[in-house]
Amino acid sequence: MRVVHLLVVLATYVSTTSSFNKESIKECAKVLSEHMKETFSKISHETILKQNYEKLVEEEQFDPRAELKKSKHRIEDYLKVRSQFAYKAKISLEARSVRNDSTVNDPQSKSFIRFMSAKQGNDGTTIYESNHLGKRLKVNETKSFNLTQNANFYTLPTSSVSSAVHIPTPLYDRNEDLLRKIDWSDIDAVYRTNREETKDLAFQLFCSEAGYMRYYPAASWFWDNQDEHLDLFDCRNTEWYINSATNSKNVLIMLDMSGSMLGQRYEVAKQTTEAILETLSHNDYFNIMTFSKNTFLLDGCNGTNGLLQATMRNKKALRRKMDTYQSEGKAEYEKALPLAFSVLLDLKGSYALYTKEEMSMMSANATNEYQFHLELPEHVLAATKQYIDSINNGGGDNNRGACENVIMLITDGAPNAYKKIFDMYNADKKVRVFTFLVGDEAIDFNEVREMACNNRGYMVHVANMADVDEKIHHYIRRMSRVVGRHYKESGQLSWWTGVYRERLYLPRPEIFAEPVPITNQSFAVMNKMASRRKIRLQKSEARSRMFVTTVSYPVIVNETFMGVAAVNIPLTEVAQKSHPANIGSKSYFFMLDQNGFVMTHPQLRPIDPFTKYHKQNYNNMDLLELEVGQNQNVRSSQKSQAVSDLVCESGANYAECVDDLRKAVRKMIIDCDNSDVQQLDVLYATELLDRVYPQTNTYYAECINHANFVLGLAVAKGDDYRVVKKQKKYDFGRVKMDWMGDKRWRLHPHWRYCFLNDTDTHMSKEEAFEIYAQQMSDSGKAPLLCEYRRNLVEKLLLDMEATSNLIDSWDTQFNFMKNNLIHLAFFATPSGMIRYYNLTLQDYDYIDPYWSIFEHIGHLLSIEHAQESYNHFITDLNRKSTDDRYYRRAVRMKDTIMFDVSNNSKIWYKSETQLTGYGLNENLTMLGQAFKAIYLDKAVLGVSGFEFAYDHVVDTMAEHGCPASDDRKWCVLLDEHAYVFFSNQNDISYEDYLVGKGKHISQYFGGLNRIAQRAMALLVENKFYTKLTYTDNQAVCKAEKVVTTSGNRLRPFYPIFRFLMQTFNFMVRLASQISGGFLIWLPNIQFTEAYTASFHEGTDVYPCPKQSSFYFSNKDGKNRPGTTHLVNGNRSERPCKMNAKCSVKMEASFVDGTNLVMVWITQDKASENCYDESECSMEISNQVPFGFEEVKNEETCEENEKRKSKANDVCYSIDDDDSENERRPCSTSPTIVSIFQILFGVFLHFCIF
């Protein structure tokens, strides 16, 4: 009972409480500090831990450059093996030939082709007869996938029976040419051999130019919408396919916005633009031009800044701007084409366009500046000599290193082919021109076809929305021909992507058995099943954050490009080759791709915590957007002991120097230049962005050969120490099973220690390691499957040995822990091992005793409605050791016991009459934690901590001058960021806190009320806290929705229309595929919501910087306050403008050795209504604001940073891409649609209207 506990607390402090003045905040804080340090010392056994470690390890100051090189070589070896597997698949495919059987669709023939469908999960199919009857034949399956959880695929269910084949929705899966290519690509034997050689080999892929994708091992398909079986995926739009299939390119999209581009045409044009953008990778650059009577480039600088890198951030930004333009007037090609070439080629000099009437009215010397004149049908183009020379020399230097220049023209027709313009700008045909004629009734084919055919391009007719996806890929096929012809030039050159979220790893919806009748006896089974489901969801959540890079090779057969062979590599595996256990606890590795964008970084937050989608800018973040500046001081060069401030030409503070800083740091890292390392003062943020910690980093970098990545290392000041084993060679024969016999230890769930067999999903990571440990003990050497991670395994064994007697030590403190309501102690190590000790408190239940199963009939197996239980701080909530929030906090506050409160867990009182520490009858208590980093001098050994019932805090504070009471004397404990750890307001509710509606606890102190706001300002003014400003460059903002109204009486029937039109579109596409024709007509009703994959998610948000102030404890600062009084002379403060009677005195004192600050606010005797918001409201002009707000910058035209990709070292020449057989055909021609299709469409059209 809580009364008994309180008596124990009173007895414990009987000698102490009589020896200090409870009216003195300084003495109260001092005694509280001594108590907390004594308690932590007894629980952590810090002295014993250090003694244990000193027998096994020694401290070492490591060389960052040497450690970085070791990690670099490990990563290179790892990536090289994956690259070889992809190359092996390429060679195997190129040695095969495509069959030419004519009976591949005849189930009675031996040549009948089956394949394992990714969407169906078997090899069954439906064949549609290619005749006027349109009959279909159902072919039953002979094989199906038996998907089982795979231990080496992060428990994702896979099948090794065969590879799976995915076919995009617009393609007919029984097209004979498609089937022959699917059969040709069946190299499962190669895939299987590769997989057997390397346990942690991820998905092996092949994407065909025909559109299908084969992947091994098979896994169920991830639908974009599971309920509707919506599938937007096409492997030909992936970065790994685009990189290998085409040269890198500079692309200018010209979008006709003339008056005829209205309604359906414009919607098709927008969809075509999206589809083109979908095919651009980070190695490409682009801009979009709208033209009618005027021309506009959609970037913020109207083209003066040239082309933008094709990041998703830039693509979505320009796509949004398209919606702000309307169709009007005439399409002025004579204005648009010269501007397009000027921007695309970055031409120097100038030109002007005059009408013929304007030219005739000018004087003879009016155009002396322009020495060149070209007469066009409606204008005269006048240009300077510099401009003409620039054209003849191939343009300026703004092509950013891309290989090809491309114009994409989207129009419903052109009045002229403008041969003179193309002859002037593109005489050598170095610029490809692709034309997309949109609209089902478009008839002006000849002019746009001539533009494409005369300029190494291709023309397609995009009749309607159903046409878009497949028609777009004609341009890629056209550009891939040079890859086929010149493939020998690249040799064994591999292509690597940046980071992306692999859809094959994404969690699929779980399917559960039908509910069974609920009985009194079934609730235990129900709870157990709910617990297992919780574990499965945790694992699937981990997979949802699976990001990969992919290595790929083009597959060429007889100089014909056939597709791309690839292997993807989870970045969590790559990161373990540069393991955090090898460096200091505050230091970290990071990796950049060939474009300089961040791939891995502890501050990268790629997933939006609310939508669970990846952010638009997740794979195009610059390093300095994550290394957020701490203050105005920017340091450079460590060659001398005195670190000098960086002085910029533009100024001397951070804001003015940011551009110079970006160039200096980024150039050093991209160039892998460690000769003059850079140092920055930065803010390290926790994952939830509720805490930031200042630290000074020194940066080092190494280039990863072949992949063109950059591996970086940020070493925090004073953090270049680690522990290493005393033995040069670890003796595995000394491994004892007793070290792990108690089962109260856990390993990092995302780190591999030893490889497993695919089928070892029935055992936990800990159980598997015990088996390997037994083999070590028996044989005296490391098992083969542990050799790959030997260094980490040795560190783990050292931690296990050093902490093996902790359980016994914790046993000796059983009574002490019980009396102080401590029910959990733990120690987390850099090797990822956490050892813990559980103690069940007698007066508390760990499963909700007030829950009744009969209240939740119908919710069987639902976590939310299963009987609630205690969420274990380690086994349920914090399994990741060094990656967990508490660990990262502890190592950044050396020699400090950190106190925190958690709303993720609770325990229940056994007695229904027991009251909380605040005197409320709520049946439960929340939990608090204390933790601290343990050091062997300067090197971290781990983080020790314990968890306790929060009632103990309330009772302890009552004995240190702060009993729960009214607001006459308000006592609070603030943590290092001024969040409230304890408040003595007597109406604080645990239940409210646990559902996010609590009062005071865990809230920012300065935002509670006007009194707290003023007190917080004084805490900053008196140097208890330092004000910091953090900019979140990864934030997202909600886009303002444009609301439109319509009086259309048919609007309620739109869902029906949508279904009918989708059904009709499918039938026509199917008939078109079977007949080999092309779709050129559909009724005019189209529902034009974006369905292109990359533009399907997150359309209501956009990337934006957000900024917030933070307040960091100055307990170790140089200007630590010398008095406890927040107002000079301990005078009263009157913070309420509307209430002159409110008068308070404010005091504060650090609780030494902890992260806490004790604050007392005492009302004078005559003081009234200080906490009544109607009489004492918060100040609008807040001196201590807190909370993220969007940084509203005026839109200015700033030059984009020029990024030259390291991936563009090889460019295939297009000079010979001009032969007759290559140029003809250079377009798709419309074919007559069957009478049946037209009649059916007209019938449906008139039925609707």
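Cβ from N, Cα, C; glycine included.
Checking the candidates Asn365, Asn520 against Swiss-Prot, the annotation N-linked glycosylation site falls on Asn520. Asn838 (N-linked glycosylation site) sits 20 Å from Asn903 (N-linked glycosylation site), taking the CA atoms of both as reference points.
Looking only at Cα atoms, Asn558 (N-linked glycosylation site) sits nearest to Asn140 among the glycosylation sites Asn140, Asn757, Asn1130. Checking each of the glycosylation sites Asn146, Asn923, Asn1130 against Asn757 (N-linked glycosylation site) by C-alpha distance, the shortest gap belongs to Asn146.
Looking only at other Cβ atoms within 10 Å, the busiest spot among the glycosylation sites Asn140, Asn1130 turns out to be Asn1130.
Averaged over the domain 'VWFA' (250-479), the predicted model has a pLDDT of 90.
Neighbour density around each Cβ, counted as other Cβ atoms within 10 Å, peaks among the glycosylation sites Asn558, Asn903, Asn923 at Asn923. Asn140 (N-linked glycosylation site) sits 54 Å from Asn903 (N-linked glycosylation site), taking the C-alpha atoms as the reference points. For the pair Asn903 (N-linked glycosylation site) and Asn146 (N-linked glycosylation site), the Cα-Cα distance reads 41 Å. Neighbour counts were taken as the number of other C-beta atoms within 10 angstroms of each residue's C-beta; across the glycosylation sites Asn100, Asn838, the minimum falls on Asn100. Cβ-based neighbour count (10 Å, all protein chains) for Asn757 (N-linked glycosylation site) stands at 12.
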